[in-house]
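Participant: Below are the structure tokens for one structure; questions will follow.
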């Protein structure tokens with residue numbers, strides 16, 4: 001702690017040195033005015049003549065005490081210091097969120113609370129950019145908020161996304177990246193990363209989240225000025241609805257994942273039982289016409305019915321299941337028996353008679369046939385191999401390590417860790433709220449003294465401050481070279497962009513609507529749409545990303561900057 005305190009003290013001293021202001025009397029004079037040093041009766045030639053007065057350049061201290069400056073170096077230093085403090089705020093929020101997630105688990109905390117906290121630094125900066133001063137001042141500073149919004153989205157989906165592919169690359173074998181196997185070096189097509197199907201769903205949700213951007217741009221496309229204010233309101237409402245829907249989905253996503261995975265495990269039970277019965281019947285479960293052979297299935301029922309009472313009990317079914325080897329899955333035997341009883345026991349007496357057994361096997365065979373190839377003969381069992389391949393593929397996409405099945409383990413010193421998490425979250429929130437305003441002021445002042453548009457400063461610089469903690473964490477996590485960690489990494493990136501597109505945009509639209517500001521960000525919106533649709537559409541329908549995709553993603557970053565510049569300063573869109 002002493003080193004951190006010393007470093008913070010050092011930064012504070014530098015802040016005062018670079019940005020301290022000296023004050024003195026100002027003499028306003030024409031070229032002919034004379035100023036005396038207090039000694040009278042001197043020849044006029046010995047008196048000091050002042051040149052014409054130059055207008056004093058001044059700045060306004062944020063909160064009345066934070067330093068400000070009108071120099072280029074001073075404002076650059078302020079941006080670095082305030083950006084570092086915003087980075088610390090984002091780090092505290094991230095650490096507190098992860099600690100709270102370990103204690104309380106997913107659901108409301110992981111699905112609702114933590115995504116909002118992750119977007120808090122960006123939302124704070126956007127909020128203060130539109131609340132500052134008069135309407136004219138807010139209109140000029142709001143470009144800082146738009147630059148941050150666009151820059152964060154582009155940074156996460158280009159440089160960070162591409163870097164995660166590079167550091168997490170593994171050998172691609174049969175269109176899937178093999179965990180912890182990286183022997184092909186930087187092969188553009190032979191190495192890369194793979195994710196699960198949930199990550200593709202996250203990418204699709206991210207694409208849907210750009211709908212408010214499309215709505216707010218309708219008047220610009222139609223070249224209408226009367227409907228702009230209404231379009232902002234409609235886009236704001238849609239943003240809030242999407243935000244609520246996304247949070248609702250995130251809260252129930254663990255439950256949805258468990259249900260989907262349970263369904264695939266059910267298909268594993270079907271496959272395992274049918275293959276086992278096929279072996280017992282020497283492959284003769286079907287007649288020549290493709291219908292189930294009742295006599296064969298009746299004999300199999302008699303083998304399983306050990307006590308010969310004409311009904312299969314839980315114990316007899318468990319003896320059957322124990323002798324089955326379920327491919328590529330560690331399935332609980334009692335769970336498998338439960339699934340069989342649920343499917344076969346139509347009388348709901350927890351016992352299965354001969355008719356229920358035959359009808360159940362018939363339904364399972366019909367379900368497996370639907371996965372078979374049309375060229376397979378009606379009396380053959382070749383459709384089982386097709387059913388096996390489909391089940392294996394589904395399980396591979398849904399479950400990449402059993403993360404959804406793991407219970408949240410007890411955390412030692414839960415009480416202290418809860419207090420620590422709350423303190424970190426409070427500290428991060430307070431720092432983000434306090435630093436947002438002076439950071440926006442420093443960017444705006446730096447833009448004035450350098451004549452560099454505030455949008456480009458906020459587009460390039462601010463996202464690194466507000467997203468650096470998240471970016472470093474994602475890159476480190478992706479470097480573990482496993483499909484499970486890659487899935488979580490890319491899901492978090494898509495989730496962060498989604499929160500930008502709904503929560504941060506909602507804050508921005510509310511400012512524009514309440515303060516009556518002009519929405520004139522066509523070029524910036526186009527960049528967000530291009531990057532989100534390209535990267536989101538690309539990730540929505542595939543789960544493996546070769547190394548060449550990282551190059552494509554990284555090149556989108558300079559392309560985005562160039563596109564905004566050309567549209568704004570060549571074609572004059574904004």
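Glycine is treated like the rest: Cβ placed from N, Cα and C.
Automated prediction, rather than curation, is the source of TrEMBL annotations.
Note that the coordinates shown come from a computational prediction; the quantities given were computed from them, not determined experimentally.
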Participant: Out of 64-87, 256-279, let me know the one TrEMBL marks transmembrane segment.
Facilitator: 64-87
Participant: Quick one: which of 148-168, 169-189 does TrEMBL have down as transmembrane segment?
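Facilitator: Checked against TrEMBL: transmembrane segment maps to 148-168.
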Participant: What range among 371-397, 452-478 does TrEMBL describe as transmembrane segment?
Facilitator: 452-478
Participant: Please identify the stretch among 64-87, 148-168, 519-538 with the greatest number of Cβ pairs below 8 Å relative to the transmembrane segment (545-567).
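Facilitator: Comparing 64-87, 148-168, 519-538 against the transmembrane segment (545-567), the winner is 148-168.
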Participant: List, by number or range, the same-chain residues at least 6 past the domain 'EF-hand' (332-367) whose CB is under 8 A from its CB atoms?
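Facilitator: Non-local partners: 265-266, 269-270, 272-274, 277, 285-286, 292, 294, 297-298, 301, 310-314, 317-318, 321-322, 324, 326, 387.
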Participant: What same-chain residues lie close to the transmembrane segment (148-168): Cβ under 8 Å, and 6 or more beyond its ends?
Facilitator: 122, 125-126, 129, 192-193, 458-460, 462-464, 466-467, 470-471, 474-475, 478-481, 485-486, 489-490, 493, 496-497, 500-501, 504-505, 508, 524, 527-528, 531-532, 535-536, 545, 547, 549-557, 560, 564
Participant: Would you call the transmembrane segment (230-252) and the transmembrane segment (490-513) in contact, using three or more Cβ pairs under 8 Å, pairs 6 or more apart in sequence?
Facilitator: yes
Participant: Quick one: average pLDDT across the domain 'EF-hand' (332-367), no decimals.
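Facilitator: Averaged over the domain 'EF-hand' (332-367), per-residue pLDDT gives 84.
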Participant: Are the transmembrane segment (421-440) and the transmembrane segment (519-538) near each other by the rule of at least 3 C-beta pairs under 8 angstroms (pairs 6 or more apart)?
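Facilitator: No, these stretches are not in contact.
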Participant: Of the listed stretches 201-218, 421-440, 452-478, which one has the most C-beta pairs under 8 A with the transmembrane segment (490-513)?
Facilitator: 201-218
Participant: In the same chain, which residue numbers or ranges, 6 or more beyond the ends of the transmembrane segment (421-440), come under 8 angstroms Cβ to Cβ?
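Facilitator: Residues 62-63, 66, 78-79, 82-83, 85-86, 88-93, 95-97, 99-100, 103, 117, 120-121, 124-125, 127-129, 132, 141, 144-145, 462, 465.
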